[in-house]
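S.K.: Got these off TrEMBL a minute ago, pasting:
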| type | residues | note |
| --- | --- | --- |
| DOMAIN | 13-278 | domain 'ABC transmembrane type-1' |
| DOMAIN | 318-564 | domain 'ABC transporter' |
| TRANSMEM | 35-54 | transmembrane segment |
| TRANSMEM | 118-139 | transmembrane segment |
| TRANSMEM | 145-162 | transmembrane segment |
| TRANSMEM | 231-252 | transmembrane segment |
Amino acid sequence: MQAYFNLIMNKTFFFGGPFCIKYGINMVSNPATLMYSPIFFIGYGVCYSAYVYFEGLRNRNLSEINILALREMSLQTYEHLLYLDAEFHLSTSSRSNIYSLYKAQKGIESNLRSLNQYFMPLLADISLTTTILCFNFGWPFFTSFLATFVAYSAFTIRYSNYRRKIISQRKKQEKLADFTISQALDNLFTVKYFSAEKYELKRYNNLLEKLQQSSIDTFRTLATLNAIQRLILSIGLTVNLVLGVSGVQAGIITPGDLILIQSLMLQLIQPLFLLGTMHREWVESAIDMKDLLQIMTRVPKIQDLPDAKDFMYKTGSINIQDISFEHTENKQLFKNFNLQIKGGEWIVIVGESGIGKSTLFNLIFRLLDPSQGNISIDDQNIKTLKLESFRKYFGIVAQQSYFFNDSIKNNLLYGLDLIYDLTPEMIKQKEEEMKRLCAQLKLSKLIESLPNQYDTQMGDQANKFSGGEKQRLQIVRCLLRGAKILLLDEPTSALDQNNEQFFIETLEQVLKIQDLTVLIITHRLHLTKVADKILYLGKNCQYEYGTHDELIKNHQSYNKYWEEYQKQ
C-alpha cells in the first residue's frame, strides 16, 4: 500500500514540474507577471526534488517486496529439487540444475524489477500524458503522440521477437560453455591422467568461438533496435514541435504550452526506452526460466501418500513380496522376487555387476518403486508410510563416499537435529559418542594427528582419508544417527586383503553388539563368513537365498560362483 501511495505522489510531482515550467514561461513573456515567474521555476525545482524523493521511497518498498518474493521462490525451488525422485537426479546434471536455478532467479528478479519499477509507472505516464494532451491541446497532439507510441511499441515488440532466437542461441552456448568448464574441473584428475589439457582447451575454445558469434549477433541487433527506436521518437518529437509552433502562430496555444508539450514528450523518452529494455529482459527471462519451469512442473514419482502413516520400529525385519522392477523395457532386474529378512540378521548380497544389487537397496530405501509387489519393514508397507519416518532408521554406507566441504565433526554429526532435540547436553553426548565410535573403528589416532583434529575441513572428496577410512567414517555417521538397518554397498572394494580383513573384524566387533539388521553388497566372498544368510542374484531374474552351506549343497549358480572365486 505504501508503494502505491509513493507512486501516486511520485507521478503528481512528475507531471507538476512541466506545468510549473509552462506557467513560468507564460509569465516571463508578460511584463505584468514577470516578477511572479521565479515562484513557478522554484516550484519546478521543488516538484523535481519531491519526484526524486518519492521515486526513491517507492523503489525501496518494491525492492523489499522483490527480495521477499525471490527468497520464497528460491526456497520453494530448492525444496522441489531436494524432494524430486532419484531417477530424475540420476538422469540430469546437478551442475545444469544449479545453473538453471541461478539463471531463473536472475530472470525472475529482472521481471519483478521491470514490472514494479518500470512497467506500472510507464503505464501511468502514458495514460496521464495522453489525457493531458487530449483535453488540453486537442486531437492533433494526442494523435501525434499516440502514433509515435504505437509505432515505437509495434517495432520494439516485432524486432525483439526476431531477436528471441538469437538470444536463445546465446543462452544455450553460455550454458554449454559453463557446463564444459565445470565438468573438466570436477574431473581434473581424469584430465591429467589422460594428459588431455590441450584437448579440453581446444574444446572450450570452440565453444567460446560459437558464443562469441552469438554475442556479436545479440549486440548487433540490439544496436539496430536502439537506433530505430531513437529515430521513431525523434520523428514524433519533431512532429509535435511543428504542430506546437503552428499552434502558437495561430494563437491556439501559448509558448508555455509548447514547452509543456515538449517536456511531456521528453519525460516519456526514457520510460519508452525502458519499454524496449523491459521487452528484451522479458524475452531473456522467459528463455532462462524455461528449464526451471520444466523442473518445477515435474511431479516426484516417490512421495508421501495423503494418508501416509508414521513408521513404528520393532525389530528391523524386511519382507519383499512378489516384486518386479525394470530399468527399461529391455532390462528387467526383478520378476516375482521374494525375500524375508528377520530383524538383526546379516545378509550378504552377491552376484555379477549390473544384476540389480544396488537397485535392491534403492527399492528397500524407497528411492525407487517396484512396478508390482510390496516391500514391508516390520510388517508395514513402505508405500503407506511417511518417507522421513522410516528412512531415519536406515544407515547407508555407499560405495562412493559422500561428504560435505565441512569439518569432520559436522560431517559425522550431519542430520542429527532432524532426529533428536539437540540441546547443548545432547550435543556434548553425541560428540563423546562420536569419539568413542571413532576409537572403536580405529579412526581416532588419525583424526587426532590432524592439526585441527575433529574441526579439520574434509573437502568434498575427503582426500585426507583412504578408501577404507572413508567407509569407516560413513559407518560412524550411521551409528551416531541411531540407524537400525544398515545398508553397505561394496564396503571393501577399495581395500587390499589385509585391510579388508581388518575391516571385517572391526565391523563384527562394533556392529554385532548393536543388534542391527545389516545388508552388505560385495564381490568379495570373504565377507560371506560374517553373514547369517546369502542372497545370490543371477541372470534372467534368477536368485538363490540361504546359508552358505545350503547354497553350496544346491550345486546351482552360487556354487559355480563360489568355485570361480576360490580359483582366483
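Cβ atoms are placed via backbone N, Cα and C, with glycine included.
Any TrEMBL annotation is an automated prediction that lacks curation.
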S.K.: Suppose you look only at the domain 'ABC transporter' (318-564); what would the mean pLDDT be?
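M.R.: That stretch averages a pLDDT of 78.
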S.K.: Any chance you could find the range in 35-54, 118-139, 145-162 with the most Cβ pairs under 8 Å to the transmembrane segment (231-252)?
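M.R.: Ranking 35-54, 118-139, 145-162 by Cβ pairs under 8 Å to the transmembrane segment (231-252) puts 145-162 first.
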S.K.: State the residues, same chain only, that lie 6 or more residues beyond the ends of the transmembrane segment (145-162) and have a CB under 8 A from a CB inside it; answer 'none' if no residue qualifies.
M.R.: 126, 129-130, 133, 221, 224-225, 228-229, 232-233, 235-236, 239-240, 265, 272, 275-276, 279-280, 283
